[in-house]
Number of protein chains: 4
Amino acid sequence: MRIGVLTSGGDCPGLNAVIRSIVHRAVVDHSDEVIGFQDGWKGLLECDYRKLDLDAVGGILARGGTILGSSRVQPAHLRGGVQRAKGHVADLGLDAIIPIGGEGTLKAARMLSDAGLPIVGVPKTIDNDIAGTDVTFGFDTAVGVATEALDRLKTTAESHQRVLIVEVMGRHTGWIALHSGMAAGAHAIVVPERPFDIDELTVRIGDRFEAGKKFAIVVAAEGAKPRAGSMVFDEGGRDVYGHERFAGIARQLSVELEERLGKEARPVILGHVQRGGTPTAYDRVLATRFGWHAVEAVHRGEFGHLTALQGTDIRMVPLADAVEDLKTVPDQRYAEAECVL
Amino acid sequence: MRIGVLTSGGDCPGLNAVIRSIVHRAVVDHSDEVIGFQDGWKGLLECDYRKLDLDAVGGILARGGTILGSSRVQPAHLRGGVQRAKGHVADLGLDAIIPIGGEGTLKAARMLSDAGLPIVGVPKTIDNDIAGTDVTFGFDTAVGVATEALDRLKTTAESHQRVLIVEVMGRHTGWIALHSGMAAGAHAIVVPERPFDIDELTVRIGDRFEAGKKFAIVVAAEGAKPRAGSMVFDEGGRDVYGHERFAGIARQLSVELEERLGKEARPVILGHVQRGGTPTAYDRVLATRFGWHAVEAVHRGEFGHLTALQGTDIRMVPLADAVEDLKTVPDQRYAEAECVL
Amino acid sequence: MRIGVLTSGGDCPGLNAVIRSIVHRAVVDHSDEVIGFQDGWKGLLECDYRKLDLDAVGGILARGGTILGSSRVQPAHLRGGVQRAKGHVADLGLDAIIPIGGEGTLKAARMLSDAGLPIVGVPKTIDNDIAGTDVTFGFDTAVGVATEALDRLKTTAESHQRVLIVEVMGRHTGWIALHSGMAAGAHAIVVPERPFDIDELTVRIGDRFEAGKKFAIVVAAEGAKPRAGSMVFDEGGRDVYGHERFAGIARQLSVELEERLGKEARPVILGHVQRGGTPTAYDRVLATRFGWHAVEAVHRGEFGHLTALQGTDIRMVPLADAVEDLKTVPDQRYAEAECVL
Amino acid sequence: MRIGVLTSGGDCPGLNAVIRSIVHRAVVDHSDEVIGFQDGWKGLLECDYRKLDLDAVGGILARGGTILGSSRVQPAHLRGGVQRAKGHVADLGLDAIIPIGGEGTLKAARMLSDAGLPIVGVPKTIDNDIAGTDVTFGFDTAVGVATEALDRLKTTAESHQRVLIVEVMGRHTGWIALHSGMAAGAHAIVVPERPFDIDELTVRIGDRFEAGKKFAIVVAAEGAKPRAGSMVFDEGGRDVYGHERFAGIARQLSVELEERLGKEARPVILGHVQRGGTPTAYDRVLATRFGWHAVEAVHRGEFGHLTALQGTDIRMVPLADAVEDLKTVPDQRYAEAECVL
């Protein structure tokens, strides 16, 4: 068989592990041929590709980034994109395409699948918010990086007798905030799914100081929002000065909490360190399994599906199921964290 | 309510996180009283305990070891051990006991439960071989440590043009070997569940060198065994000199492979570093959830069960189900690793 | 002898290692008594202290923060501060005081020393800018944290085809920027000591993209400044909107470079993670040696000095020499980095 | 100019950083041409080399191992080796050779230099025992790996109430043992330079247990030896069974201490993990500086020297000075560690 692979969307630890695994399984065990498209869908649309053999994937298992490059180009962005993709698949004699990507990529995958292309998707997001799979690779690494940072920040917050508001990734869901906050013992966690009450947050942190503690750590998902009208900045994310560029929940909360508590409060924005670099062992194993099973699905002709972790098994889930809704954090998980507002 | 907690058996990253979580949930949310027995069952049998309040568990979330100490003493070891345990539970007015431990501990827990004691178990093993739960805390940390070591060993093996046989923990099951071997891209993995054929292993490594590669990494679970009669040492684990103390699969394999391949082969025994120190974020979250749910089970009166991860949920599983058989690695998982013999 | 110890100023990995080392050397080897003042000079001024024995320093070697607490209070802040300090030293029968702190602390130490108090200083700063010593503890940890972050950011910058401007600590000197930038292979490093030319920086990054590279990493010390008039924001650190709070060299540079290069540019501010948490082995060894030698200096009566690393030896340097000028990065070191502007 | 580079001897974190730095400085700044010999001196003797341009050293700064390969072949091993080397240098029109290696390599370098070849050496050893330089790259990484392992082992030793004897690298000198032991707070450190007294060691550990402590960690350099006649095994390193292969100070000490103390004692041999993998930031900076200065020395015609760190400066030291004697740990350093026997 002849299989095309591409990686699309933002960086995510484990992408190279998936590519390597696909090549190992397909080339060694099935004697398939594998080609990799450059820079995501762009490579498919422009027929920019190269052959992927064992040498091409040597030494990449533990490396961050993607040897195939990535872009945010989607087939629907170009007039006639879908037709062009179909044409190239036919020209290249491809029996299957395996796109590795996030929500947008999988929606495009579904569209192409509906248009008749033989597609097996591999879900990718550090945010862990793709439905149908228990976990996505990259998430464990992101949580690990955030937790290590929180561990370090704790001693600093304590020495400086401060409130630190640490902003972690998660525009739509609070998975990284929840896990890293739990792992590091944060004193409050605010997430997009549950608009927080600034009064409650103030009381919670204030109580902690009154109990004699010298510091507090608040973990805030970047998409966390206060309940409407409860803070000095409005819901649009603009601060009191109407300034947008430097907006961000951690900076806003630090201004607000400092005024309310009369304690120094400082924002820390972890940013892109959460999405790059060497994947954890967990993510490498998950990514490797996804790659292996994607090849198997191709050989079974099980197209229009994506690989998913369910319990300890990898199962195939219809693309349609994965792209309907984001997987948000269930209430039970917040209850367990005990410190979410 | 009044709850007694104890940790029993070998060290495992996450023990302190469970203890902290139990105290947080019980004391803060349920106004329970929690006491901790010293050195496992020994503390219960000798009525050696102390009160665990919030201060007692401050700052321990990320710390290895256990603040309660541990031992390998089991109630059945002492004449009248079960009766004595029952007596102390009554004297102390305990509504529940939460033992945190491995297979032996959970068997003892089952025995005490059958004898009428109100017990909720929390499974603990870095080996990941307790049935009923997808994963146990400590396993992810052990795999992470082993993988980091393997990452380092790869460049050394390559520079020295050697075969390295790296022995990881796992007396009865190959979970750590499988996951760390997959994560680090080992060239062969040998495990207890599937006695390996030394001839096949030699061919596999030999083929690699013939293909121009300069090194090979074999990951061996400490309990891995060759098929009967296939190596110079017999199944009892003694080497050709009849020497037992320094036995070990990695040393034996390095002797054998060096002679068969004519290449330098060296054993590396990772040992206890796999079971100590700071837990990964994954293990801290899992341990924290186990502690939370153990307290809930106590309040629901759901005794005779242990906490278990199933998919993304924590569920209660009968103690009997967990201690019947070890959870071995299913064949499918070996197939995915592609390099197991 | 009776020795008082205090830690003053911002958090710095290795503080606890110094305290532990002082207690070990003084109590075990010299049968001294050691007391620790709470929250820096504040504790001395308010006579707030506790005894430090071996148990008090058990398990703290690898822990971030300081068990003694810290503050930014200086004796000169209080009317009669110096007299009060002298009074408490006499009342407590102290033979020596060992303050562990940065530039401000050492200046205060010098003033108290000049006023007749028996003082041996231990220099502390993650910025590595105290004169008289080759290195200060905390610096290696800060560089390590920044380098690890840069390693991760590289794959992300590459995948996203961006310029990342990474702001590291260093208000007055570029040591952390220089070392982490060299260690991670940054493409440009800007530091406080040498105002950079934005045109040169633009050309350098632009050349890189023209050579076919897909990303660039600029490391900027927080105190780095453009040559006067060369950027859209003035030297006062205000941006074009006159907005100060969200100012910062990384954000300013990202705005400027994005407009000039026509490439996405993003700021990453590493912030407080650089100054907290577990110290590296290097910092623990240096901190331990500083503590040991401070006690020896006390016993030799060598007051008015601070511990300093010179080559591989710890020597005593007059406090006066250390607080005159900051230790800036010599030009030779920039030449070696090859990428400083 | 035309410069040849080679790496010789065992693996050492930072080798690739030196190679990269040489190429950057020589090619970019001096418009030199650089070639790399394959597998150390072997490549020079067999004229096996390739051109090293910027692309060849892209992305290798943080990678362990050496892209040039290594071997233990020395010119003196081959009849006419020196003449052959001279011939190839002439044939290739080389203006200089930069060998990067340990004691053996530098001795060979000196011999070739004495024979008239233009040589600038770069010292390499994780053991830190090359004279003339304060530190060698690779050492900091080795100490870091050993310290992290010791940190983990501490919680395990405590939980299991054991003596752990941890064997670290250092056949002739105790630098790694000293630094990692100090950094991790070991309770005894034994090194090759100072034969230890087993009775004293037993008393020291015994006292610790009598003081109520539950565990002890002994760090042993692999070359550490007991004073003659003081242990059950003789000085030749053979155990009581006359068995050599599995010999090793950690195993011998664990047998001896277990019998003498009546406490469980277990050996842990860290082995090759100490010499592979990603270098620390410290080692990357030092390696990069060595490479830069080696190229400068070539351009100044300062042959017959090696790069050396002295304080914060890189200086050139005659090869003769570096290979006379090993740099052993001075007594003062042991005194500071307080726990060496």
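The backbone N, Cα and C atoms fix where each Cβ goes, and this holds for glycine too.
Curation plays no part in TrEMBL annotations; they are all automatic predictions.
TrEMBL names C:Thr125, C:Ile126, C:Asp127, C:Arg162, C:Met169, C:Gly170, C:Arg171, C:Arg266, C:His272, C:Val273, C:Gln274, C:Arg275 for binding substrate. Of C:Glu210, C:Glu222, C:Glu324, the residue it gives for the same site is C:Glu222. What TrEMBL records for the ATP site is C:Arg72, C:Val73, C:Gly102, C:Glu103, C:Gly104, C:Thr105, and among C:Gly10, C:Gly14, C:Gly144 the residue it adds there is C:Gly10. A gap of 11 Å separates the Cα atoms of C:Gly104 (ATP binding site) and C:Thr125 (substrate binding site). When the binding-site residues C:Gly10, C:Arg72, C:Val73, C:Gly102, C:Glu103 are compared by Cα distance to C:Thr125 (substrate binding site), the shortest distance belongs to C:Gly102. Taking the mean position of the Cβ atoms of C:Gly10, C:Arg72, C:Val73, C:Gly102, C:Glu103, C:Gly104, C:Thr105 as the ATP site, the remaining residues of that chain whose Cβ falls within 8 Å of it are C:Ser8, C:Gly9, C:Gly40, C:Gln74, C:Gly101, C:Ala108.
The binding-site residues examined here are C:Arg171, C:Arg266, C:Arg275; by Cβ neighbour count within 10 Å, the least packed of them is C:Arg171. For C:Thr105 (ATP binding site) paired with C:Arg171 (substrate binding site), the C-alpha to C-alpha distance reads 17 Å. Those binding-site residues from the list C:Gly10, C:Arg72, C:Met169, C:Arg266 that have a Cβ under 8 Å from chain A Cβ atoms: C:Gly10, C:Arg266. Compared over the binding-site residues C:Val73, C:Met169, C:Val273, the count of CB atoms lying within 10 A of a residue's CB peaks at C:Met169. Within the model, the domain 'Phosphofructokinase' (C:2-298) carries an average pLDDT of 92. In this structure, C:Glu103 is the one among the recorded positions C:Glu103, C:Asp127 with the smallest number of other Cβ atoms inside 10 Å of its Cβ. Binding-site extent for substrate: residues C:Thr125, C:Ile126, C:Asp127, C:Arg162, C:Met169, C:Gly170, C:Arg171, C:Glu222, C:Arg266, C:His272, C:Val273, C:Gln274, C:Arg275, maximum pairwise Cα distance 33 Å (rounded to the nearest whole number).
If you measure from the Cα atom of C:Gly10 (ATP binding site) to that of C:Arg275 (substrate binding site), you get 8 Å.
If you take the CA of C:Asp127 (active site, proton acceptor) and look 10 A around it, you hit none of the binding-site residues from C:Arg72, C:Val73, C:Arg266, C:Val273. Neighbour density at the Cβ, taken as the number of other Cβ atoms within 10 Å, is lowest among the binding-site residues C:Gly10, C:Gly102, C:Gly104 for C:Gly104. In sequence order, C:Ser8, C:Gly9, C:Gly40, C:Gly104 make up the list of same-chain residues 6 or more apart from C:Arg72 (ATP binding site) whose Cβ falls under 8 Å from its Cβ.
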